[in-house]
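Swiss-Prot has this to say about the protein:
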type	residues	note
DISULFID	Cys126-Cys132	disulfide bond
DISULFID	Cys192-Cys314	disulfide bond
DISULFID	Cys490-Cys493	disulfide bond
DOMAIN	444-575	domain 'Thioredoxin'
SIGNAL	1-24	signal peptide
TRANSMEM	180-200	transmembrane segment
TRANSMEM	216-236	transmembrane segment
TRANSMEM	253-273	transmembrane segment
TRANSMEM	297-317	transmembrane segment
TRANSMEM	336-356	transmembrane segment
TRANSMEM	367-387	transmembrane segment
TRANSMEM	394-414	transmembrane segment
TRANSMEM	425-445	transmembrane segment
Amino acid sequence: MIKRTLMLFLLLCSPLLTPAAANALFEQPGQNPYLPVDQAFMFDFQQKGDKLTLDWQIKPGYYLYHKQLHIEPQQATLGKITLPQGTAHRDEFFGETEVYFQQLIVNVPVTKANNNSNIVVTYQGCAAAGYCYPPETRLVPLSAVIPSKTTDAISAEPVHKTPESASNDQQHLPFSPLWAILIGIGIAFTPCVLPMYPLISSIILGSQRPKSLKQIFWLALSYVQGMAVTYTLLGLIVAAAGLQFQAALQHPYVLIGLSVLFILLALSMFGLYSLQLPSAVQTRLVNWSNQQKNGSLFGVFAMGALAGLICSPCTTAPLSAILLYIAQSGNTVAGGLTLYLYALGMGLPLIAVTLFGHKLLPRSGPWMQYVKEAFGFIILALPVFLLERVIGDAWGIRLWSLLAVSFLGWGFVLTIRSQNGWVRVIQLILLILMLIATRPLQDWFWGTTVTQQSQHSLNFRQINNWQELEQIMTQNSHKTVMLDFYADWCTACKEFEKYTFSDPQVQSQLGDTLLLQANVTNNSPQQKQLLEKLSVRGLPTILFFDSQGKEIPDSRVNGFMDATRFNEHLQHLPK
């Protein structure tokens, strides 16, 4: 009778014994409610001949980041990879991003592979409730693929960006190609360029001046287009070269080297030294230009094309800076378009002078040198943009602040002798802007930056690996320990800093607690080991240990908690 009753009881309870139900039934309150990364993003792949399909099945309430998807071939060559369109996702800290829900399928054409070939796939995602996983890496073995004669193989190097994502990254570069036309117009008013325009216009027209404005316009436009074609070809060549070395150009040492070059180019704009082609090369180019027939469309076009290669001291630095910028972007379309618009901007004043005479030109004076120096500050913005990727956002803000203060101070000094009323108003505006721009520098000097306030308001002690944690635990004899896992890519971690750790009640509750923080942004082997040792699946995760170094049961925090909930959680911890 007892045996039958027991069997009936087990039969009735069997629906509860599925894995999910069993976990829910026996799960402790402090356990992680979020799925393991392999269950949240179920990854699979299949290769049929030269076509490889990568498939992610994404659980409801979870999403993958478009920008965090990277594909690296190893001993293989891949064709063009096209990512599907994602869904726009607004984030308080990272702004507008593109994510994938439910499913992501990526088709990877394999143009060449052997039996030892692989591709390394890296991806990262989050839970919508406020929980992010570290970057995941999967090794996908490839079957041998013999390259076809008609196959257009584009890369045997690591592919970190798809063509679409590379073009999207153009939005994050310091300026769009349309800004190049304004830069070109500005360069036209520097002391090395503007005084030459009347002479160039007379050379374009030749000894027999055309009678109609239409003829004059087409001659001037031919000269400008010749110059623009030369610059466009330079842009395409440099961008194509940059695309081949795109991964190397993202290396911190390369970014630092490019930044130094930009700074040297900018210093030449301030008159410290002059940059130009060797005189022998310039002489040869000038002789070739003089051999062209002026007054004819083809001859004028050829003169413009050669003039594009003859760089004056005022144009060498900006042109070199733009070329380096294009090489770093690796975007061939934007590269050619940027240089074309730059040349067109330089040519617009020349067209006006050729049509209507040099009376349209403003008088020469010191202001032309000021224009040249202003472009020096513009070039200095490029190394700041590049160095941000190496030194981080906090130092990046300080560099932008320093550059802004320098530029505004330069403008104030230039106008300080003027007695004009409007100039006085401009000086007042410049002073106000300088005070605003100095704020990040003031915060840094006094040690009160926003980042420091948010990250160190609780006086966290930073740890980097498992050995450091063990050593601290051994030395700790009487305090409760809180270990916070943080990463720059973790949105909810930043929410903890901004909304929870800054709360006075939370700070009071943790007053007698030893506060540790592990920054796992880089996902290094040591950081991975620390995560694995403590069974941390994702971030944010906060652990509490007693004075003996043992984790307090049911105390682990997974995901974001506001100040009220976190304060209640702290109150339930054993004292």
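For all residues, glycine too, the Cβ spot is worked out from N, Cα and C.
For the disulfide-bonded residues shown (Cys126, Cys132, Cys490, Cys493), fewest C-beta neighbours within 10 angstroms: Cys132. Counting Cβ pairs under 8 Å to the transmembrane segment (336-356), the top-ranked stretch among 180-200, 216-236, 367-387, 425-445 is 216-236. Most Cβ pairs under 8 Å with the transmembrane segment (180-200) belong to 367-387, among the candidate stretches 216-236, 253-273, 367-387, 394-414. The transmembrane segment (253-273) makes contact with the transmembrane segment (367-387): 3 or more of their CB pairs lie within 8 A, with pairs spaced 6 or more apart in sequence. In this structure the C-alpha atoms belonging to Cys493 (disulfide bond) and Cys126 (disulfide bond) are separated by 12 Å. Helix, strand and coil counts under DSSP for the domain 'Thioredoxin' (444-575) come to 54 helix, 26 strand, 52 coil.
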